[in-house]
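The (6S)-5,6,7,8-tetrahydrofolate binding site feature in Swiss-Prot is assigned to Leu121, Gly125, His126, Leu127, Ser355, Pro356, Phe357. For Lys229, the entry in Swiss-Prot reads N6-(pyridoxal phosphate)lysine. The feature site 'Plays an important role in substrate specificity' is assigned by Swiss-Prot to His228, with sequence analysis given as support.
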Amino acid sequence: MLKREMNIADYDADLWRAMEQEVVRQEEHIELIASENYTSPRVMQAQGSQLTNKYAEGYPGKRYYGGCEYVDIVEQLAIDRAKALFGADYANVQPHSGSQANVAVYSALLKPGDTVLGMNLAHGGHLTHGSPVNFSGKLYNIVPYGIDESGQIDYEDLARQAEIHKPKMIIGGFSAYSGIVDWAKMREIADSIDAWFFVDMAHVAGLVAAGVYPNPVPHAHIVTTTTHKTLAGPRGGLILAKGGDEDLYKKLNSSVFPGNQGGPLMHVIAGKAVALKEAMEPEFKIYQQQVAKNAKAMVAVFLERGYKVVSGGTDNHLFLLDLVDKDITGKDADAALGRANITVNKNSVPNDPKSPFVTSGVRIGSPAITRRGFKEAESRELAGWMCDVLDNINDEATIERVKQKVLAICARLPVYA
């Protein structure tokens, strides 16, 4: 018999120590990695529930195992909420991650060797949009598109590449692009060559849900997203579509299960259902509006202090610092800011002279700081501290002074009160 009072601390001290140290790290560091966020205790409660025990291969009402009457309710709640939140008429909540969702879309609609247009990773794209080190770049013939001199997507070049290469699919979406994507224009280009238009909105799903960023669902044939990042739910994936193409929906479902996955993670799907309900609350819209305001506030400070921002600004939750002119590598900037308890990630910039392991840029995002209560004033102050560190990247005294300020503001604005 299993006793509910069993706990990790009494059984596995080494593991518990590492877990507790991570709790302290999250509370005492300012998180600026654009893909990270803090999920709610309600989501964590769902993920730690007895739903983790249940195998449920198949879909609600069509399972291969018995005893699924209650997990069917859980999954259907998640499906219905996803459709309502994003204005879709199809949703699959089973993908274990955003990458798994993308795998399912590719395998449902493409054959190995098919041509695909995806955003260049160095211009803000994602590994799963055709990077040669990823399955997408190995299985398919990838033609990259990118940004123009102004830092915006070059739609003329995209249309030209589409006409020349006649891809089977065009991918919209990004991991380090700070502009607004013209989904309608991309669909127009896809339709002109009879290609699938697939959008990966993982980074902006929360902004989309709150009406702060344009919704791709009415324009794309298929949309995928993660359920964490700006959506602030559990780590997982989601597939959406609109238009009533039942044949497409069947292909997508079959591609997820049994095509690429076995049993769904019911405890995570419950967490998704909670997060999707939270995203329907008025407070969530206020939060997402603040995310965008905070990112703009930080950009303004970096520009005032003489730092270059790719695209010259941001219209979402993230932006990219280009450090080429400062003769600072992204790797060194990441490390110095880390010593001041500010967490970022090094990131390639367009035409980066450095390798992806070194880079000349830093990606910065505002979802996590906003979640813990930062407004524009704190965001501007934080950006100033970051400039102090980068201006004096080898001065440990400056880094220590900034660290003490970080610790003070983290104590004032805890993640979990």
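Cβ atoms are placed via backbone N, Cα and C, with glycine included.
All features noted in Swiss-Prot, drawn onto the structure.
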residue : record                                                  : DSSP class
Leu121  : (6S)-5,6,7,8-tetrahydrofolate binding site              : helix
His126  : (6S)-5,6,7,8-tetrahydrofolate binding site              : coil
His228  : site 'Plays an important role in substrate specificity' : coil
Ser355  : (6S)-5,6,7,8-tetrahydrofolate binding site              : coil
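For His228 (site 'Plays an important role in substrate specificity'), the count of additional Cβ atoms within 10 Å of its Cβ stands at 27 [all protein chains shown]. Summarising the environment of His126 ((6S)-5,6,7,8-tetrahydrofolate binding site), the number of other Cβ atoms within 10 Å of its Cβ, over all protein chains shown, is 24.
Around Leu121 ((6S)-5,6,7,8-tetrahydrofolate binding site), the C-beta neighbours below 8 angstroms that are at least 6 residues distant in the chain are Leu127, His129, Gly130, Ser131, Pro144, Ser348. Farthest C-alpha pair in the (6S)-5,6,7,8-tetrahydrofolate-binding residues Leu121, Gly125, His126, Leu127, Ser355, Pro356, Phe357: 17 Å apart. Cα spacing between Ser355 ((6S)-5,6,7,8-tetrahydrofolate binding site) and Lys229 (N6-(pyridoxal phosphate)lysine): 26 Å, rounded to the nearest whole number. Least packed by the Cβ count within 10 Å, out of the binding-site residues Gly125, Pro356, is Pro356. Other C-beta atoms found within 10 angstroms of the C-beta of the residue listed as 'N6-(pyridoxal phosphate)lysine' number 28, with every protein chain shown included.
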